[in-house]
Amino acid sequence: MSNPSLLILPGDGIGPEVMAEVTKIIGWFGDKRGVTFDVSEDLVGGCAYDAHGTPLHDDTMAKAQEVDAVLLGAVGGPKYDDLDFSVKPERGLLRLRKEMDLFANLRPAQCFDALADFSSLKKDVVAGLDIMIVRELTSGIYFGEPRGIIQEGNERVGINTQRYTESEIDRVARSAFELARKRSNRVCSMEKANVMESGVLWREVVQRVHDTDYPDVELSHMYADAGAMQLCRWPKQFDVIVTDNLFGDLLSDAAAMLTGSLGMLPSASLGAPMANGRPKALYEPVHGSAPDIAGQGKANPIACILSFAMALRYSFDMGEDATRVEKAVEQVLADGLRTADLLGEEGATPVSTSEMGDAVVAALDASL
Ligand code: IPM
Ligand code: MG
């Protein structure tokens, strides 16, 4: 059997720094666990624009379609703010999501015990938190037509369209119900059925999928604004949240802060199974390129490391090793190691991006 293949796209800003730490973990698996990944690397985002005049070269797109999994760092930066919309760094990421048809974006928000004091919410609100946001990733207002900025009389109009087909809602709902069955068996679906027709259809289809194929899972519905409020009030009421592309973008950033730092949150974007049975997959931290701290060794590599753990679990059927990586992260946090985003408590040991990666590798060694 051939080695599992990975395409690494470090991207912009802190992307390359955090990805360098993931590369150490990948190397560790080759050295210590006898799992060698065939790794190739390429450009996405602003750096791809600098090199090729496009945020994602066709060759890179083709490679992404062929590998078992893509690992992405982050894209974007102020340098690219004035670029035409069609070649902005973010378009590279959106093209990957769309053309790989990665419709189910899994964004877990877990609060590690060692960080419960760090959240801006009270400790008892977040301690032990373990929720999973399933964000629809290939449709909705991010991709709906018509879109653009048009001239209407003597002023311009900005247009985007929220659009969901029944089958798009159906398949992401199934992903959420399947996940819930492996967790606490509860799904809360969020939309704005009170003001949006797409929300009415969303609610109807999620309910139908539930009634037909997942009656054993507990399903509730919530308006997304109320959901945002409940996420801050008592997040532990949730198990799996399923929602559309835009609401998922917002709610997952909010959920990230429950865990103490945006630097902690991984994600998996999954599509339909490929010929080898593995889902099309891209793994990336939820945080962005953080240009303000790029290149200073301040970035927290944990979100990116945990994204690789998700790859082990969802692409390579290595659930035990995924847990091993997660436990190693938990260990270094319990030992008090903190990157700049997590400083503030007494007794913490400040570490750089690469020291954090080394510490996770050491904790992996200790796990053997
Ligand atoms: C995310 C990001 C992206 C999004 C950007 C970088 C295009 O915010 O993954 O949450 O809006 O989806
Ligand atoms: Mg976002």
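Note that Cβ sites are derived from N, Cα and C of the backbone, with glycine treated the same way.
What TrEMBL records for 5-360 is domain 'Isopropylmalate dehydrogenase-like'.
DSSP assigns A290 (NAD(+) binding site) to coil in the three-state reduction, placing it in neither a helix nor a strand. Annotated NAD(+) binding site per TrEMBL: 77-90, 288-300, in sequence order.
D225 (substrate binding site): 14 other CB atoms within 10 A of its CB, across all protein chains. What TrEMBL lists as substrate binding site is R97, R107, R135, D225.
All chains included, 18 other C-beta atoms sit within 10 angstroms of the C-beta of Y142 (site 'Important for catalysis'). Per TrEMBL, site 'Important for catalysis' is recorded for Y142 (among others).
K192 (site 'Important for catalysis') falls outside any helix or strand according to DSSP and counts as coil. Summarising the annotation, TrEMBL assigns site 'Important for catalysis' to K192 (among others).
Following the DSSP three-state reduction, the secondary structure of D225 (substrate binding site) is helix. The Mg(2+) binding site feature in TrEMBL is assigned to D225, D249, D253.
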Among P89, R135, Y142, D249, which recorded positions lie by ligand 2, judged by Cβ under 6 Å to any atom?
D249
Counting other Cβ atoms within 10 Å, pick out the least crowded of the binding-site residues G77, P89.
G77
DSSP three-state assignment for G77 (NAD(+) binding site):
coil
On a count of neighbouring CB atoms within 10 A, which of the binding-site residues D81, D249, D253 is highest?
D249
Which residues, in sequence order, are found in the same chain with Cβ within 8 Å of the centroid defined by the Cβ atoms of D225, D249, D253 at the Mg(2+) site, excluding those residues themselves?
A224, A228, L246, F247, G248, L250, L251, S252, A254
